[in-house]
């Protein structure tokens, strides 16, 4: 052992000294004003790309992050906002997932709509099938509000949650929106209207279709496969699960779904293996080693923006993601986890740009937590969006200018211009600004998290945008997410990488990971131990000292 320790010390001295000497030769500090700064920056990026080897092993785990409404403009504004919060100019910053080795773009239209909603897109990126506007888990053969049509087996599509469970994997979902909202519901629901989140909501359509034959989305989550077998469910939407005659002030008329969830898990798996939580302390105190099923509902409706929430009461997306991974990581055959930053979309609809970019940074933190907690060799992480929004970044602001502030030069009317604005959205009452006069932005508090940014056309609600969205990937088979493609390719590719679903085993792809107890390894000889240790140490130190 003394000999091995001596050899390691020699390695450390030789390797680190050689790297320090190399760095010292002709060293010069370049700035952005030097051409060599940009050349060296580019060479470093090329070096990183060249040394990356595509991973073709099976993806034991898949984590899909969905930034609801996270357009390309949102990404740019958010990375600048992130840097400026840390007292830097921001333009050359990266969100955590922007460092992933593979990037693609997905087309987001519905079968019957040029600009999509979150239901048809969720069906596409979770089931592999594109369908109609506002429809969940159904083919395009079903029209809006057609309850009877939604019940036909040939019109129902399965999601990557179903595919994963069929191969023995665990499934979880996390969202800052209601867990019955369109994006997470795409994982488990079949509904001819995304608004049928409760039985009360469905009753309003009884004169349109035979709603009595269908189940609402919340009930499907608790009582039907695959939702009833999800190991983790964390987010908002408490009112969708409780009745209206309790202190929870729920929206339901028929039953308490939280109690039903508890009773079901106790009956099937016994006491002590489940937990229901409603605040941050309760979530953080959940012991993952003793909890197999976790339900957390932290708000009556959507969760609150980070900028307006009580941080002692509401958990962050990062904290929810961490707890979900801790519980799901116990699964021997791996897991599929869906994580949605749902409030990016909410902020945009309100045209409160500050909340939208802040929630994007929150998603970035959650992604980084997942990266830190998993292994790139066996976990595929995909980050994307369902659709874009109408926010633009324009004018000619100088470098480092406050991304949430004013451009600097005024418009032809002499009034200041905001860097961020919207094509449409809820407007300012015309009584305040008669005629065509714009609001004087120098007289408003743009630091208010709920300040509504300027828009060209006044509308009840800011709309989605129709352009393509980005897809970022790392881990096994991540290189398949490069290029431009239909949004429905995303779950099929994830399934291919994990060996689950319709694309499993195609073109010699991997089969699903199956746990097998490892055999005891043979004890290596002393010489092998020394040689192997020397090589491993050399490799590790080259990275540390470089």
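Quick reminder: no glycine exception, Cβ is built from N, Cα and C everywhere.
According to TrEMBL, the features are:
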- 1-18: signal peptide (SIGNAL)
- 68, 181, 183, 340: Mg(2+) binding site (BINDING)
- 68, 345, 386, 387, 464: Zn(2+) 2 binding site (BINDING)
- 118: active site, phosphoserine intermediate (ACT_SITE)
- 349: Zn(2+) 1 binding site (BINDING)
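Annotation: 118 are the recorded positions among 118, 345, 349, 386 whose CA atoms are within 10 angstroms of the CA of residue 181 (Mg(2+) binding site). Around residue 387 (Zn(2+) 2 binding site), taking its Cβ as the centre, 27 other Cβ atoms fall within 10 Å, counting all chains. Taking the mean position of the Cβ atoms of 68, 181, 183, 340 as the Mg(2+) site, the remaining same-chain residues with a Cβ inside 8 Å of that point are 66, 118, 122, 175, 177, 182, 184, 341, 342, 345, 386. Measuring Cα to Cα from residue 386 (Zn(2+) 2 binding site), the recorded positions that fall within 10 Å are 118, 183, out of 118, 183, 349. The CA atom of residue 183 (Mg(2+) binding site) is located 6 Å away from the CA atom of the residue listed as 'active site, phosphoserine intermediate'.
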